[in-house]
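Contents: one structure, followed by commentary.
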Amino acid sequence: MALPRSQARGWVKAAKMAQRRRPADDTGGPQSPAPGSQRAALYVHWPYCEKRCSYCNFNKYIPRGVDEAALRRCLVIEAQTLLRLSGVRRVESVFFGGGTPSLASPHTVAAVLEAVAQAAHLPADSEVTLEANPTSASGSRLAAFGAAGVNRLSIGLQSLDDTELQLLGRTHSARDALQTLAEAQRLFPGRVSVDLMLGLPAQQVGPWLRQLQGLLRCCDDHVSLYQLSLERGTTLFTQVQQGALPAPDPELAAEMYQEGRAVLREAGFRQYEVSNFARNGALSTHNWTYWQCGQYLGVGPGAHGRFIPQGAGGHTREARIQTLEPDSWMKEVMLFGHGTRRRVPLSELELLEEVLAMGLRTDVGITHQHWQQFEPQLTLWDLFGASKEVKELQEQGLLLLDHRGLRCSWEGLAVLDSLLLSLLSRLQEAWQQRTPSSVPRG
């Protein structure tokens, strides 16, 4: 149900009143919408950065005379168009990512949120996250984003070591990072997430753990740990290939991850996903939608989405990718109302593979009820109950299959990639042997 314009403008005020509310249950995750429901999350991509970090191969550009008013107008148009095409009536969360969305004007954020609230129901307590870098996130700017409707921040600290920050090509220092973190916590208490990278060239376990322990003395209730991935085409990849830097040691990275998980658990953090840790119920409801294979709309250059185009008469979930280059994307939005470059219908098996691979990233795993929303006939017991490989994984203490569903143990989360090889193979085998059904796809 669309909101009248006056109600849309009042959304920010209502959101600020509701943002202190937090679910008391810290053992599960946010409720997952049915796969073909009229609910979705919304991702908004801001494509610009001050500079390209040495490790990054994301779709981002260094701004040269950006017409933000034109970009803002196109973000608004595309959000409204995709909401109409998808038939989505309720937006559960909004995430402004990039790029560096903290470089955007708060007016752009407000305009997108107002457009969403006009086209669909955006609850006052919806999670609205903005990614921020310390050098573009002064206290006054953060306050302005809060006034625009943002109620959660994700700060890309990456490291608290100045030498490592220089290696990564970051524009901030460790001191900048800590100052931004303190200001963010003052403005968004209990709703600030921080990223910390591990597995850098020449990085050692002890110094990295001391960084993490230092961060825990001043951080909020959400921490993400990301292992460096050397991506072809990045400066860091070239430096390692040419021998200017040592290749990251995967065994050391695995040790950092294991030790880091233990430190976070000791500090009261729940590892609710492979890379994400929260305490006091501070899970990211937006990212939870991804892991539970809920629908999400991707707005902006290069954004990805997964939804059923019900508003256009569709019945099959599609993977959608928007045009990468900002100028080309804006031209398409002005011509067609959206800049979708590629639409790939997902088969029933492809969707189930995503449900399995994404769901097992979480500590909750895949409940029987959740699986049946996507596949009512072939149960988790049918798939894995008699599997020799699954029994072996259970005996090793890595996997659990019981009355709740299928999930990794705490030890299993650390080696999920190796577990998925057996599980996906078993799913594919069982799918080929099944009796075809007429169950509609979600």
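The chain as shown is numbered from 1 upward.
Any Cβ shown, glycine's included, is placed from N, Cα and C.
According to Swiss-Prot, the feature region 'Disordered' maps to residues 1-37, out of the candidate ranges 1-37, 149-185. Between the candidates GLY65, GLY87, GLY98, GLY146, Swiss-Prot assigns the S-adenosyl-L-methionine 1 site shared with TYR43, GLU131 to GLY98. Secondary structure from DSSP puts GLY99 (S-adenosyl-L-methionine 2 binding site) in coil. Considering only the residues assigned to S-adenosyl-L-methionine 1 binding, TYR43, GLY98, GLU131, the longest pairwise Cα distance works out to 12 Å. In this structure the C-alpha atoms belonging to GLY98 (S-adenosyl-L-methionine 1 binding site) and CYS49 ([4Fe-4S] cluster binding site) are separated by 8 Å. GLU131 (S-adenosyl-L-methionine 1 binding site): 20 other CB atoms within 10 A of its CB, across all protein chains.
Separating the Cα atoms of GLY99 (S-adenosyl-L-methionine 2 binding site) and CYS49 ([4Fe-4S] cluster binding site) is a whole-number distance of 5 Å.
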